[in-house]
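**Q** So that we are looking at the same thing, I have put the structure below in structure tokens.
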Ligand SMILES: Cc1cc2nc3c(=O)[nH]c(=O)nc-3n(C[C@H](O)[C@H](O)[C@H](O)COP(=O)(O)OP(=O)(O)OC[C@H]3O[C@@H](n4cnc5c(N)ncnc54)[C@H](O)[C@@H]3O)c2cc1C
């Protein structure tokens, strides 16, 4: 069979983009198909970058309020959302241009259209203005991402009731917002809007948000959120949420509680996007969880088709999607790769930030028994005091020998950057003592590693004596 391309990648998000560039760098004839006019996927246009741009301004607003003695600052009542994401257009334009240049520089063919499988090597490309046509590829990588899950009982209308793809299309900052969900996106947006002065109520069926993190961390998050004026309602089952016909939304729980708010954000998870792909024509089917199943090499059940990014499920992060995309291509074209790192950090850009790598304290206890945990509160670190960082903490989780590092968990501003120090120690299998032997800049938050390590070593010595 003759092919138009060695490799065709469907989707230009973090997974697709890195997959295509890797293929081109290896000398292959590559095409990338994107249905949107712009490149970059949910990450650039609806998810990671827009939410982090809003967060940047929310932090500024929060800090201005905190320094009320220096500046008598009040956010206008009718603040337009566009003013809060004023830098977004510049950021997106810069990103789009950078990606376009990178794709073109690597001689990757850009195809604007919607891809659909005809068979395992053939894709039909539907275009807006021009006629549809088919392309044949030796290998295909599906990197079509995800979209927000819509529960049946929530009437998402994108005017009063939003999902995470539409929330930033709100025209004005609302006075009150109900956030359904306790996951990453819910926690990020709930705390960002609360920092902007919106009265936020966060509701979830679980007792605490971000249940995959150490409770120490989530307790601090909830404390910080409530200190800003937010309300966390755990163990509440929402039975319906609808526009009240006047100017707001009524959310009803099965215990009879009713919450009225101006707007609502439904952040009830995301599901794989295989709409319009007709994967059955290629001999593929979805798993019970609605994802594209892949093996350790990111290969689907059809030998020449690979999948990467959100479409294969958790951890559903831009950072991992990029690496999966790169690896999917390497595996498809026969470049031998080792196993993907198991130490993937999670970064939650709530206010305050949270981040973890390796095992949580509970996971470490379940696996290793009496582990040793060293903690450092940011309030006790000079930099934390100078920057008035409250609700900050770094935890080192070590094996019962008090030497081997098993995990690091951090809450507090800077957590998503600080985590990489711990990640490097884990990857290089350095003993916890490395944090005491290293000289850290002073005053920095990184010094918390040293303080927590000293605590571990102290406990280790006590154990040795016992
Ligand atoms: C609000 C929010 C905040 C987030 N924050 C973070 C964060 O801080 N850090 C982080 O690491 N991750 C974050 N994420 C997750 C991150 O955005 C995703 O993990 C990442 O975008 C997944 O990349 P992807 O390439 O798999 O898919 P996407 O980025 O979703 O890209 C898929 C692309 O495929 C295209 N496509 C789909 N179907 C077709 C078709 N049939 N034909 C052609 N093109 C098609 C789509 O148009 C899209 O451009 C966030 C997500 C959201 C929603």
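Note that Cβ sites are derived from N, Cα and C of the backbone, with glycine treated the same way.
Feature table excerpt (TrEMBL):
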DOMAIN    5-325  domain 'FAD/NAD(P)-binding'
BINDING   52, 144, 145, 146, 310  FAD binding site
BINDING   181, 182, 183, 184, 185, 186, 187, 188, 269  NAD(+) binding site
DOMAIN    344-452  domain 'Pyridine nucleotide-disulphide oxidoreductase dimerisation'
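Neighbours and distances for these, please.
**A** Neighbour density for residue 310 (FAD binding site): within 10 A of its CB lie 31 other CB atoms from the protein chains shown.
The C-beta environment of residue 187 (NAD(+) binding site), restricted to residues of the same chain at least 6 apart in sequence and closer than 8 Å, consists of 202, 209, 210, 221, 348, 350.
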**Q** Determine the mean pLDDT over the domain 'FAD/NAD(P)-binding' (5-325), rounding to the nearest whole number.
**A** 93
**Q** Please give me the CB contact count at 10 A for residue 145 (FAD binding site), counting all chains in the structure.
**A** 25
**Q** If I restrict to non-local contacts, at least six residues apart, and a C-beta distance under 8 angstroms, what lies near residue 144 (FAD binding site) in its own chain?
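**A** For residue 144 (FAD binding site), the qualifying residues are 10, 11, 272, 273, 274, 277, 309, 311.
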**Q** Please check each of the binding-site residues 145, 181, 183, 187, 269 and report the ones with a CB atom less than 6 Å from an atom of ligand 1, ordered along the sequence.
**A** 145
**Q** Give the residue counts of the domain 'Pyridine nucleotide-disulphide oxidoreductase dimerisation' (344-452) per reduced DSSP state, in the order helix, strand, coil.
**A** 39 helix, 29 strand, 41 coil
**Q** Just checking, which of 52, 146 (binding-site residues) has the fewest C-beta atoms within 10 Å of its C-beta?
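**A** Lowest Cβ count within 10 Å among the binding-site residues (52, 146) is 52.
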**Q** Just give me the nearest neighbour of residue 185 (NAD(+) binding site) among the binding-site residues 52, 146, 310, Cα to Cα.
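**A** Nearest in space to residue 185 (NAD(+) binding site), counting only the binding-site residues, is 52.
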**Q** Nearest to residue 52 (FAD binding site) by Cα distance: which of the binding-site residues 181, 183, 269 is it?
**A** 183
